[in-house]
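In what follows, a structure is listed as structure tokens, so that the remarks can point back to it.
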């Protein structure tokens, strides 16, 4: 049995207790096709002894059929789970894997390198604390490297590790690593990525500088990849100042209890704090902070809690509870960045459901400011947005919502776009700011026309009738 299987088999309770309080780091791997992303994750899983023996046996068997390495087994097959991925030797879907060390827990998202799977990479990056961008030492910074760096910046990932892989194929030459480092840092500066970028020379296939320092690169004085992942500071990434609490569920098991359930998006709340409910603007104070393990005196970002208040206020799912002295901005017209994920193009004026945290409303694109070519990063005019394209646009909502910019608060500043007919998620967006023009145009329609329009939109949504004012 493997070390992991032995621990679980002998004392599962102590194993779970040992790991439950460790800090969690979510990270993604991205880079050009065949840069070794899946192999790197396989190496991390293998060297951290997080593979069951039956998994290892299956991988060894599959390696003989579809393996791409000359070794005993292909580490990439630990991650490439889809049959089409194994046959093509590429990653298509976002593959999530979990492992743990003595210091920290990890969730890895292995994202596709191909341009046609940009939406998949955006999905994997949306919850990541850190991104590992792989560069093949033989080829240096490539078009896909630039694309993935742009997406990590777009999605607000604060910590970047550039892993220069396959250094064994260039004999771990220091000058090659230094040249790639210089090229990438120059590009990152042009992109506005100036904080927390670390470069590491590695060989994912052989394990050099992954968990143990390699003797082949005595000139490299920095941390190994694993040591960096275990020690990088992510606590300060959380906003513990501005309290935001999207109400997910109103819990009323009996006449004597009415609690508001959800997960704190940011900030800290204490019993007795003055709060305001948005969009109604009604105020109260916190009576109790209830959890499964008992009541708390205070709670903070990412904790799931139930709040009770000292006053009877009408609150429902989708409302936002904030501290009265720390209120967010509010608007119905927003400047947003959109990643389009549907084969049906995004058209100006077409109405979609817009879901931000627990708030759901209806909205449409008023106009596109520009779209960005993810390969050249050039901006151009746009009338529609096609699959995998990214655009800055003006989003018009049917109701005013409270929001923070995505850069300040990912939960309050992100949303998904849902097709009103199929209920498919067709896009994702990041709120950058409120639009300069918040006024509604003077109506050119009669009261009857406006009421009839509302009736048609309510009972015949498949007609995709646009709202008039």
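Backbone N, Cα and C define each Cβ position, glycine as well.
Of the given residue ranges 31-38, 39-46, 47-54, 55-62, Swiss-Prot assigns the label region 'G1' to 31-38. Note on Swiss-Prot: of 106-109, 110-113, 114-117, the range annotated with the feature region 'G3' is 110-113. In Swiss-Prot, the feature region 'G2' is placed on 89-93, out of the ranges 79-83, 84-88, 89-93. For the ranges 165-168, 169-172, 173-176, the feature annotated in Swiss-Prot as region 'G4' maps to 165-168. Taking Cβ-Cβ distances under 8 Å and a sequence gap of 6 or more within the same chain, the neighbours of residue 167 (GTP binding site) are 137, 176, 177, 201, 202, 203, 208, 216, 217. The average pLDDT the prediction assigns to the region 'G3' (110-113) is 67. DSSP assigns residue 167 (GTP binding site) to a helical segment in the three-state reduction.
If you draw a 10 Å sphere around the CB of residue 111 (GTP binding site), it holds 26 other CB atoms from the protein chains shown. Remark: of the binding-site residues 31, 34, 37, the most isolated position is 34 (fewest other Cβ atoms within 10 Å of its Cβ).
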